[in-house]
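A.B. asks: Encoded as structure tokens, here's the structure I'll be asking about.
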Amino acid sequence: MSSDTKYKYAVVRIPETSVVDFFSLIVAKGYSDVSFVASLSQCNLRDDPNDDQPTTSSNSVKESINDDESNSENNKLSPPRRQSNPHSSLPAISSSTVKNEPTDSWTPSALSNDPTPDLLSATVPAELLTNLFAKTKSTEPKPQQLFGFQASGVDFDLSNNEWHENLRLPNGNGTEKYHPYGGNSKNDSPLQTRMKGWQREYIKEVIKDSHYPTEEELRDIEQKCDLSRKQILRFIAKRLTNPNRKPRVNHHDEKRKEQEERDSLADPDDDMINDNEAVTNLHHILNSLQETTA
């Protein structure tokens with residue numbers, strides 16, 4: 001045993017339906033010496049393996065550990081092993097040994113209010129149970145669910161690891177853009193492209209009886225329905241006319257009407273002017289004739 005290698009035991013309680021997932025995760029992380037038991041009473045925790053001179057009891061249990069290890073190596077997805085000899089009261093060992101891993105490797109453990117750790121503390125050194133059980137209620141947030149069981153004391157963040165789906169897509173120019181349906185820095189909520197049925201019904205209830213919503217009502221719709229002002233106004237414009245908005249003006253029609261009015265007002269004056277010019281011309285002609293005859 002190398003003096004630089006440190007070993008610890010981990011007692012983990014997981015649901016029966018998550019045994020396969022948990023075992024696959026442990027093997028993928030390099031933990032090979034793993035055994036499953038039905039209850040903590042079947043566990044025989046040997047002495048601290050970090051001691052230079054292991055006791056005789058640890059040597060006597062070593063054969064069962066190697067047997068469990070070979071069984072887990074040959075059949076990784078095998079069901080929990082049970083004792084075949086009914087006379088033996090200590091059939092298996094629940095342990096997790098680190099092989100070729102740094103000292104800061106994470107060890108999954110479970111939060112539990114079970115008094116079993118207190119019963120084991122009489123026969124097991126206290127340092128082996130450190131950080132394995134929470135004996136006092138903590139104000140820290142609950143650990144996240146990991147493959148069906150609670151994991152505390154994890155040294156790495158799975159959300160930033162291979163389990164996290166990256167929403168950024170390369171555009172071919174060496175830069176990245178955000179997925180159109182994923183959250184981004186400008187809008188944390190996913191992009192909504194279509195109104196839902198309850199949102200339509202809520203707006204219809206507000207604008208019933210041809211009531212156009214006020215500014216306060218529009219702001220209330222924005223908050224409760226989580227819609228933009230543009231989406232709301234477009235939905236209302238298809239069903240109601242905004243009374244506060246002036247009707248649209250056709251400038252071509254307006255110019256034509258103005259021209260017609262101008263023409264209708266200018267016709268009588270033009271006729272009078274033309275008649276006066278004709279009379280004056282006749283007077284000039286008559287005067288010129290009288291002068292020539294005289």
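Using N, Cα and C of the backbone, Cβ positions are placed for all residues, glycine too.
Residues annotated as region 'Disordered' in Swiss-Prot: 43-119, 167-191, 238-274. Per Swiss-Prot, the feature compositional bias 'Polar residues' maps to 52-63, 81-115. The annotation DNA-binding region is assigned in Swiss-Prot to 192-232. Per Swiss-Prot, the feature compositional bias 'Basic and acidic residues' maps to 250-265.
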A.B. asks: Could you give the residue numbers and ranges of same-chain residues that sit at least 6 residues beyond the compositional bias 'Basic and acidic residues' (250-265) on either side and whose C-beta is under 8 angstroms from one of its C-beta atoms?
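C.D. replies: Beyond its ends, the compositional bias 'Basic and acidic residues' (250-265) has no Cβ neighbours under 8 Å.
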A.B. asks: Just to confirm my parser: what is the rounded mean pLDDT across the DNA-binding region (192-232)?
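C.D. replies: That region's mean pLDDT is 90.
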